[in-house]
2 protein chains.
Amino acid sequence: MSFLVILRIVGLLLMLFSLTMVPPVVISLIFDDATWDAFVIGLGITFVTGALLYWPARNARRELRTRDGFLITVMFWSVLGLFGSLPLMLAADPSLSFTDAVFESFSGLTTTGATILTGIDLLPESIRFYRQQLQWLGGMGIVVLAVAILPTLGIGGMQLYRTEIPGPLKDSKLTPRITETAKALWYIYAALTLTCFLAYWLAGMSWFDAIGHSFSTVAVGGFSTHDASIGYFDSATIELICVFFMIVSSLSFGLHFAVWREKRLRHYLVDPEFRFFIIFLALLVTITIATLILSGTYDYDDSLGLRHGLFEVVSVATTTGFGVADFTAWPGVLPFMLFIAAFVGACSGSAGGGIKVIRILLILKQGLREIHRLIHPNAVFSVKVGKMRISSGVAEAVWGFFSAYMLLFVLMLLILLATGLDQVTAWSAVGSSLNNLGPGLGGVSAHYGDMPDLAKWTLVMAMMFGRLEIFTILVLFTPAFWRR
Amino acid sequence: MSFLVILRIVGLLLMLFSLTMVPPVVISLIFDDATWDAFVIGLGITFVTGALLYWPARNARRELRTRDGFLITVMFWSVLGLFGSLPLMLAADPSLSFTDAVFESFSGLTTTGATILTGIDLLPESIRFYRQQLQWLGGMGIVVLAVAILPTLGIGGMQLYRTEIPGPLKDSKLTPRITETAKALWYIYAALTLTCFLAYWLAGMSWFDAIGHSFSTVAVGGFSTHDASIGYFDSATIELICVFFMIVSSLSFGLHFAVWREKRLRHYLVDPEFRFFIIFLALLVTITIATLILSGTYDYDDSLGLRHGLFEVVSVATTTGFGVADFTAWPGVLPFMLFIAAFVGACSGSAGGGIKVIRILLILKQGLREIHRLIHPNAVFSVKVGKMRISSGVAEAVWGFFSAYMLLFVLMLLILLATGLDQVTAWSAVGSSLNNLGPGLGGVSAHYGDMPDLAKWTLVMAMMFGRLEIFTILVLFTPAFWRR
Ligand SMILES: [K+]
Ligand SMILES: [K+]
């Protein structure tokens, strides 16, 4: 393991990350919210720590290998999550405890969007902006990670596309082409954010809210500058804009990249993951709206049922987690159904969470194959996604992911129950964190402030595991990884 | 499809099954409980229906093929479950509705042991006996099914052993050797029941209770002739006997068969499923007893913590479902943990339920393999269980089962929630039925009587799906099965 090189990278990273505390300082000065010092001090500590790590290792240079990639990826998110919590701890308002600040910071950077805060509207503008920015940065990081880095490590749904998308994804060495792909992804991500910002702004948001919400929309994050989330604006136009960008941001950026490179929109239509995702969403929206209207949930105001149904389904199923209505109080099976949809999650190669659509698609296809194998025991069936035949290696990776996901889910659920939480709160909190969704059911339908510390730390781990597709972290726990 | 042959078999089966209503008549006369007429009428209806099905098809003879096996298996359990409910409907006491009688009957025959009854101690002796007998017959059926029939259909954990156990399991044609295996299994099953009966009787049970409980113990069933279940006897000796036989009955009867054939006890010790199961049980027992004692659940009466801990863990983890204490009221994480253990379930080829130990073992091993593959991307690892290398076909069957299990679980949970049940009651009722366990949490920790009818029917389906390893039923829902 090239520890010095890794030290150098982490040092560089921290110094770079410290610069992201400059915009909140600017915001603080604009709004005169008297919180600029928290960010300046945070910046200072982060930069100096980064420099101290970087300096002794500044000349360490070596070609990085696959195995280093796991360590760097996990370090990246843990270190940023920890230092990102500094301003939240330092600010006089909200003056968070260490645990709460770390929870909020990780929740932002992993684009989970679970919050321990209430009274967000009353917080200093710089803090409100900073949370949104954390999500935006995290979303960017995730997209690069999912499309350009994890596949080279052999992890994640996007590995399926390795043979399909020409160029950058094929290389097995870490550094050379990642930069090129990352740059292209950055352009797409930035362009999407800018468009989303303009749309929100033209639809009536203040520039402050428009920036903040475009950040957390494109990142599939779900943080808001208001307690009432998108519901604050009470605007059908803003909701529709939000729905559109939530969906676009939950699609594979590898796919966006291919469309952008070859200027062919048809790539979307032939993509099996895209098709499955859209049909799945349409189905959920239909069931939800029908139930809301037939049950008279909104006093038979059909337009409200329509609006709320569409928005909440897309928000939860894409794992964004914005709110315009309290879906956890909807009748019958709707809360549970929406919540389960978040387990399916977004497309691979997006900033969205969950198990990922392509994996669910593969699992379903393999299930069907099993049935056919039983009926025709001597025939050979291969599983195809689109035109691509799925190798047994990829299939086993998907299964491995699925069972590790379930196992982790049960283990963390046991820990949360041990802290004394009730079953609904506990399972939905773990599910929401592991799926990087945000809102939960029961005691965490509004916020996570009342949880015991052990529960909060467990959920931070859940967010990280979910975000890094589990195995990136899991390998670090094996002795074999550290040998030689 | 050889419909006539299947008609003939089902007819024969019903006529045979009608004879199982003779013992309850005898019991009724012995105890003079005035319920003999329900059994005589039930016997009559069952026999006549059987004869009417059998007669037109009596000359139909054809070699059965694999595909017929699915249909016969599913018919077997559905038809027996339906006709088995007759005496429960006909008897003046308990005078069950159609839904309740069917629920109770399927719960018995699938060895689930979930009951809609209360006041069991006050019921006519013949009814109390009949419920136990249903479990015993169901258990016998399951063992034969799991060891001798499902593997030939390509279903079930036991297929792993197909190459290991000499003789009867290797054949691919249905009829010839099944009879021989079934006979051997029957001897083992009967011997186990007799031993269990004697042990209970010598430990102080009445002959009536000893018969009844030996029936439901060996079947991993969990029905009791008392509301208080095994707790009624308040005897450490009886509890220890019960623990021993619950464990023995949850082991693979394929393994018992191999030991019996070759007279070598060492077969147990080298069996990977056996070892994993015993270690898993030991771990659970240790955690549970430690928690009970440290938390002072039984007012620091350590011997009670020890007794209750041991018994309940074995009862739930083997999916038997007897009770001596209300484990659902135990502190912290214990109720959930025990309940999750039932998902792991018993060994393949037993009458126990759950996902089955061998599958969990395989899933864990494949997960570890995935991690090693990530660290050493170019090496080839094969998954072994004991000395046997697991083929990708078997691995995919296990994964397919696991995901079908999860999918079915979620679907049925959605239905139960739609009937208005709370989440804890709903998920534990589905889990308990799908795992053929019996008791649940929340509103079904005591009995299932208060559920809406739709929920009861869904749970009956869950019991069937769980009992028949899901795919046996699932194939019947595909058009491909019915073609040609
Ligand atoms: K989110
Ligand atoms: K049972």
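Note: Cβ is positioned from N, Cα and C throughout, glycine not excepted.
Lifted from TrEMBL, the feature list:
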type     : residues  : note
TRANSMEM : B:38-57   : transmembrane segment
TRANSMEM : B:69-90   : transmembrane segment
TRANSMEM : B:136-161 : transmembrane segment
TRANSMEM : B:184-203 : transmembrane segment
TRANSMEM : B:240-259 : transmembrane segment
TRANSMEM : B:274-298 : transmembrane segment
TRANSMEM : B:336-364 : transmembrane segment
TRANSMEM : B:397-418 : transmembrane segment
TRANSMEM : B:457-482 : transmembrane segment
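A contact links the transmembrane segment (B:457-482) to the transmembrane segment (B:69-90), because at least 3 Cβ pairs that are 6 or more residues apart lie under 8 A. Two recorded stretches are said to be in contact when at least 3 C-beta pairs lie under 8 angstroms, sequence spacing 6 or more; the transmembrane segment (B:184-203) and the transmembrane segment (B:240-259) meet this definition. Within the same chain, residues 247, 250-252, 255, 268, 304-306, 308-310, 312-314, 317-318, 330-332, 334, 337-338, 341, 344, 346-347, 357, 360-361 sit at least 6 positions outside the transmembrane segment (B:274-298) and bring their C-beta atoms closer than 8 Å to a C-beta of that stretch. Residues 139, 143, 146-147, 158, 161, 165, 169, 181, 184-185, 188-189, 192, 195-196, 199-200, 203, 213-214, 217-220, 230, 265, 267-268, 271, 273-274, 277, 281, 310-311, 314-315, 318-320, 322, 346-352 of the same chain lie 6 or more positions beyond the ends of the transmembrane segment (B:240-259) yet place their CB under 8 Å from a CB of it. If one looks beyond the transmembrane segment (B:69-90) by at least 6 residues along the same chain, the residues whose Cβ comes under 8 Å of a Cβ in the stretch are 1, 6, 9-10, 13-14, 17-18, 21, 24, 37-39, 41-42, 45-46, 49, 96-98, 100-102, 104-106, 108-110, 127, 130, 134, 141, 145, 149-150, 152-153, 174, 460, 464, 467-468, 472-473, 475-476, 481.
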